[in-house]
Amino acid sequence: MKILEGKLAAPEAKIAVVVARFNHFINDSLVDGAVDALKRVGEVKDENITLVKVPGAYELPLAVRRLADTQKFDAIVALGTVIRGGTAHFEYVAGEASSGLGNVSLNADIPVAFGVLTTENIEQAIERAGTKAGNKGAEAAMVALEMVNLLNQIKAA
């Protein structure tokens with residue numbers, strides 16, 4: 001039986017990390033986790049990592065699509081934080097960011113790793129940005145690395 005399974009090391013991969021500036025005090029930790037995972041676990045060279053900053057999570061899909069369209073990247077990691085407030089704004093932003101990034105991934109033919117926190121409160125966001133619940137930026141980066149390798153294996157199979 002042939003089993004295809006992605007590995008985490010991707011030393012030659014070119015990865016874009018796109019991050020929302022809104023809630024930067026959380027997102028900066030997500031970026032730190034993602035870049036650390038790319039370099040330490042994935043063995044990605046510093047010069048092969050591009051960091052792109054957008055105003056907020058709603059703008060992530062457009063920037064990710066444009067980066068994918070350049071065909072210069074093997075994967076893109078999208079990072080941001082949307083915290084529920086007292087209005088319906090949370091549902092719109094979180095839903096559009098999620099849906100938009102999923103559409104880009106399917107249409108661009110490269111992995112788009114979803115590292116957007118959608119939390120009820122700031123405490124949950126902090127926990128997921130490197131404290132109690134790990135670092136979701138690092139997790140998204142590892143998803144991107146694994147998918148780069150897996151898609152290469154599928155192509156070669």
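Positions of Cβ are set from backbone N, Cα and C atoms, glycine also.
It should be emphasised that the depicted structure is a prediction, and the values quoted were computed from it without experimental measurement.
The 5-amino-6-(D-ribitylamino)uracil binding site annotation in Swiss-Prot covers Phe22, Ala57, Tyr58, Glu59, Thr81, Val82, Ile83, Phe114, and the record cites sequence analysis as its basis. Every protein chain considered, the tally of other Cβ atoms within 10 Å of the Cβ of Ile83 (5-amino-6-(D-ribitylamino)uracil binding site) stands at 19.
Swiss-Prot lists Gly86, Thr87, Arg128 with the feature (2S)-2-hydroxy-3-oxobutyl phosphate binding site, giving sequence analysis as the kind of evidence. DSSP assigns Arg128 ((2S)-2-hydroxy-3-oxobutyl phosphate binding site) to a helix in the three-state reduction.
DSSP gives His89 (active site, proton donor) a helix state. Cβ neighbours within 10 Å of His89 (active site, proton donor), excluding its own Cβ and spanning all shown chains: 12. The active site, proton donor annotation in Swiss-Prot covers His89.
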Glu59 (5-amino-6-(D-ribitylamino)uracil binding site): which of the recorded positions Gly86, Thr87, His89 is the nearest Cα neighbour?
His89
Distance check, please: Cα of Phe22 (5-amino-6-(D-ribitylamino)uracil binding site) against Cα of Arg128 ((2S)-2-hydroxy-3-oxobutyl phosphate binding site), rounded to an integer number of angstrom.
16
